[in-house]
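Below is one structure; the comments refer to it alone.
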Amino acid sequence: MLKRLLSITIVAWLVVLSGCAQADSFPDFTKLVEKVQPSVVSVKVEVKRWGRVVGRGGGSGFIVDDDGYILTNHHVIDGAETPVVKLYNGREFDAKIVGSDANTDVALLKIDSGDLDLNALDIGTTKDLKVGQWVLAFGAPFNLEQTVTAGIVSAKGRGEVGSQYVPFIQTDVAINRGNSGGPLINLDGEVVGINSMIFNPMISSGLSFSIPIDLADNVRQQLLKDGKVNRGFLGVTFGPIDQDKADAFGLDDVGGALVTRVLPDMAADKAGIKVGDVVIKVDGKRVRKAQDLPFYIGQMPAGEEVELTIVRNGDTETVEVTLSDANGQFTSNSDTGKQELGIAVTALTPDLKEATGIDKGVIIRDVDKDSPAARAGLRQGDIVQKLHRTAITSLEDFQRAVASLPDKGKVAVLIVRQGVGSDFLVIELE
């Protein structure tokens with residue numbers, strides 16, 4: 001009996017000690033939150049058309065400079081004239097839009113805070129960010145200001161979920177409508193990303209995506225200097241390599257981007273790039289998957305020379321290319337609708353279908369500024385499920401729908417938007 005009692009006591013102590021060890025190993029975020037929160041802001045916007053307010057919204061942002069510069073998402077302030085920034089202490093300021101880049105979903109604001117001391121956040125890097133690492137998201141989901149959530153990095157370099165120019169950080173951090181534009185913070189208190197989007201908008205799926213801060217800060221510096229982003233353009237459409245294609249094109253593995261179209265008089269055409277070439281390196285950096293190609297090219301300015309390593313007819317060659325100016329060009333698998341509507345779309349990949357729970361439609365990858373689609377309120381990342389009278393289940397459906405559009409008039413488009421759900425928007429064709 002005594003021996004049994006002693007055994008039970010030892011087991012109980014082991015359980016207690018184990019619980020203490022787990023508690024000690026779990027991060028204490030309190031000091032980190034106290035440091036970061038004063039630098040996080042709420043952003044409120046009114047969208048006006050024809051002098052009338054047609055929409056209100058907002059999101060989050062964070063201070064990156066003591067002089068009052070604030071980073072947020074392009075989609076947070078898109079269409080607004082004068083966003084209002086609310087600081088941690090409750091004070092509100094009208095903000096100037098210094099510049100905004102729809103392709104990376106990054107916007108830079110400026111407030112005149114007078115003599116008020118502002119606390120800029122430390123800018124980190126995603127180069128050392130590892131899958132499994134703790135991160136925190138700050139923002140105002142559903143207008144609940146100064147909300148903090150925590151989770152881990154689930155993956156890096158996600159290019160299938162949004163802009164072709166952004167290798168998103170995927171996390172399981174709870175991010176909701178209103179978190180957009182807020183900072184993603186590592187345990188050193190540094191910004192490693194800008195919270196941008198979630199999947200699925202209708203359910204809590206544990207899938208959140210953030211723009212890497214290295215990319216966002218590069219955009220910030222260009223917006224600060226020029227008010228816009230100077231982005232190089234290769235002038236090709238491309239697709240991924242699977243094992244069958246790797247075998248057929250004489251490749252060692254499934255890495256690279258397969259050129260499926262070369263746009264006339266653009267950089268690739270002038271350099272002699274041909275349909276069927278497989279780009280495997282950009283300036284010595286390996287193209288592990290097709291989406292790496294626009295990531296690399298999009299971070300280089302127009303006019304810059306870049307060395308492409310390609311496989312052509314089974315032989316490896318290097319080609320020098322002088323990049324063209326992107327200037328609203330688009331390089332995804334389909335630019336149907338660009339001229340008529342001002343949007344470019346691509347098919348839903350299997351990963352996107354699984355992430356969103358949506359298996360029908362096409363996803364908008366680019367929206368031209370001042371286009372009919374932009375005026376209707378369509379955004380990058382919206383999933384189009386119906387256009388005019390045509391249900392959209394594939395790129396072919398979308399192409400047929402665009403071909404059948406009237407020259408003038410109003411047409412309805414059914415979209416699914418992250419954090420919102422399904423809605424009909426009206427595009428006015430001119």
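Every residue, even glycine, has its Cβ placed from backbone N, Cα and C.
TrEMBL labels come from automatic prediction, so no person has curated them.
If you look up TrEMBL, you'll see His75, Asp105, Ser180 marked as active site, charge relay system. Annotation source TrEMBL lists substrate binding site at His75, Asp105, Gly178, Asn179, Ser180. Per TrEMBL, the feature domain 'PDZ' maps to 223-314, 320-420. Among the features that TrEMBL reports, signal peptide is placed at 1-23.
Checking each of the recorded positions (Asp105, Gly178, Asn179, Ser180) against His75 (active site, charge relay system), the C-alpha distance stays within 10 Å for Asp105, Ser180. Asn179 (substrate binding site) sits 14 Å from Asp105 (active site, charge relay system), counting Cα to Cα. For the binding site of substrate, formed by His75, Asp105, Gly178, Asn179, Ser180 according to the record, the largest Cα to Cα distance is 15 Å, rounded to a whole number. Of the recorded residues, Ser180 (active site, charge relay system) and Asp105 (active site, charge relay system) place their C-alpha atoms 10 Å from one another. Take the CB of Asp105 (active site, charge relay system) and look out to 10 A: across all protein chains shown you find 29 other CB atoms. Across the domain 'PDZ' (223-314), DSSP assigns 22 helix, 27 strand, 43 coil. In the three-state DSSP reading, His75 (active site, charge relay system) counts as helix.
In sequence order, Gly58, Gly59, Ser60, Gly139, Ala140, Pro141, Phe142, Asn143, Leu144 are the residues near Gly178 (substrate binding site), counting only same-chain partners six or more apart with C-beta under 8 A. Within 10 Å of the C-beta of His75 (active site, charge relay system) there are 23 other C-beta atoms, taking all protein chains into account.
Other C-beta atoms found within 10 angstroms of the C-beta of Ser180 (active site, charge relay system) number 29, with every protein chain shown included. In the predicted model, the domain 'PDZ' (223-314) has a mean pLDDT of 90.
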